[in-house]
Amino acid sequence: QENEIKLLTAEIERLKNSGCLGVSPSLEGLRDENAKLKYRLNFLQKSLQEERSKTAKSMININSCLQEIFGAAIQAAYPDLENPPLVVTPSQQPKFGDYQCNSAMGITQILLKTKEQKVSPREIAEKISKNIPANECIEKVEIAGPGFINVHLRKDFVSKQLSSLLMNGVQPPAVGKRKKVVVDFSSPNIAKEMHVGHLRSTIIGESMCRLFEFAGYDVLRLNHLGDWGTQFGMLIAHLQDKFPDYLTVSPPIGDLQAFYKESKRRFDTEEEFKKRAYQCVVLLQSKNPDFIKAWELICDVSRKEFQKIYNCLDITLIERGESFYHEMMKDIVKEFEDKGFVQVDDGRKIMFVPGFPVPLTIMKSDGGYTYDTSDLAALKHRLCEEKADILIYVVDSGQSVHLQTVFAAGQMIGWYDPKVTRVAHAAFGVVLGEDKKKFKTRSGDTVRLIDLLEEGLKRAMDKLKDKERDKVLTAEELKAAQTSVAFGCIKYADLSHNRLNDYVFSFDKMLDDRGNTAAYLLYAFTRIRAIARLANIDEQMLRKAAREEVLILDHEKEWKLGKCILRFPEILQKILEDLLLHTLCDYLYELATTFTEFYDNCYCVEKDRQSGE
């Protein structure tokens, strides 16, 4: 942007100097050109100003700052080394300072391998330390053990960052160009109820969207519904039999799950019904209006049920099911055929992707399309039409090979370059019961998600009554507390586990107000709000104090809390890269316990015993 501003300014000067900005009618075009240039210049200057102002208000990633400082020191100490290791981490123990640079050991190995020089890591650490450039954040460094460089931060630097945070609010570090992120999550099937298996994709996907939105990305949240395919043949045939006047009178399908089971039983046992079901599929795919109406009716019943769950969990999605991509599938098959990737196997059209043993089937022998075809069509649309810079699929680990094959096919045909566009499968494990087996009801059925949420509400209310909250809260407040505790605890229990692992679903654990749970975090947060309320200090007063006074961090618990607060941008950076949200939960728990230590050791607010002030 700065370069373009220079060029535009020079161009406007050139037009002025050449006398092209006079009033002669023949020069109208040039004046228009000048107006356009000025408009573009104003726009660029404004957006650059906004970017700079945002950057000035953003929180600083201290780890990144230290990496820059140590990167420069290593470059100065060893200018011949290409890509030397740069390892800076927060210190695990306060006696070893605040951060550690552990690059010396790696450099020792490189010098031995490439230059056959034997230098001790401690000697390398000393040389790096001597070359640390002048900076505002490091108080001193010490070399410990075999070559660790312990870093002590300057108190005035930390104090300044905390004051800035109070004045500007929690502003994440600027991301530069506003990238587009497409997240595919939740994705239940029409005519089937959402079960506990959909819980993880829905919660993790929503949280990832919020994370990228918070960091300043443009996010598109997609619900890839299973809303197309052969199962609709039997559903429509059953609808015709059960509600023959469905075109004029809206059919009262109360329990779609039971309706699905009835139609499936008939499909498996009645030959005549099976034939009709196949005919219905053909008529639906040829867009017969009556059959499209029947399909829409069935989809609407499901949608209403899904929305109840999305409302409970505060989920926002744009529906874009398999049917959305149906018209594109013919072109997808042709594109792969034209490039010579397709082979015919027993009437099916398949293609092998290098590095993957199982081929993708892009057309069945009867001319129908498959999940592989719709997933390829969705991938292409998201990359080429939506122009996604980052594409994330929040789907269970069982789909890993399938998705990697689809991604590799997209790469093979040239839809994207992984060096430019990030396409990631954010996989997750299954939900287990307390017996460590797949989470089922007592009768062995899959747990319906709506039942699980209702059970959560009941348990949360019992917990609140145990604590006698019903005696101090109004009915409205009690209801709000119930939903916050129930749904907050269910979400947090999922997010606080590494998504790659299976996790045990336990209401008792998630509603416990001790340990790393939402109940404990809500308790810690309430305590902090209570201090502010008792002290009668609002945000404006805090901002004024931050502007006018220096924050003194004398007590060790103050110092510990101040540093912990400022680690937030590092955590944010890490989870944007690896998409492992439990790191954020671990950080929040550490922040809450660090605050509790501070609160227990340093008085924040005290009542006068005589006056009660």
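Every residue gets a Cβ built from N, Cα and C, even glycine.
TrEMBL does not curate its annotations; it predicts them automatically.
Keep in mind the model is a prediction, meaning the values are calculated, not measured.
TrEMBL annotations:
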type   : residues : note
COILED : 27-54    : coiled coil
COILED : 450-477  : coiled coil
DOMAIN : 64-153   : domain 'Arginyl tRNA synthetase N-terminal'
DOMAIN : 521-611  : domain 'DALR anticodon binding'
- Message: Summarise the domain 'DALR anticodon binding' (521-611) as counts of helix, strand and coil residues per DSSP.
- Response: 67 helix, 0 strand, 24 coil
- Query: Looking only at the domain 'Arginyl tRNA synthetase N-terminal' (64-153), what are its DSSP counts of helix, strand and coil residues?
  - Reply: 39 helix, 19 strand, 32 coil
- Task: Looking only at the coiled coil (450-477), report the model's average pLDDT.
- Result: 93
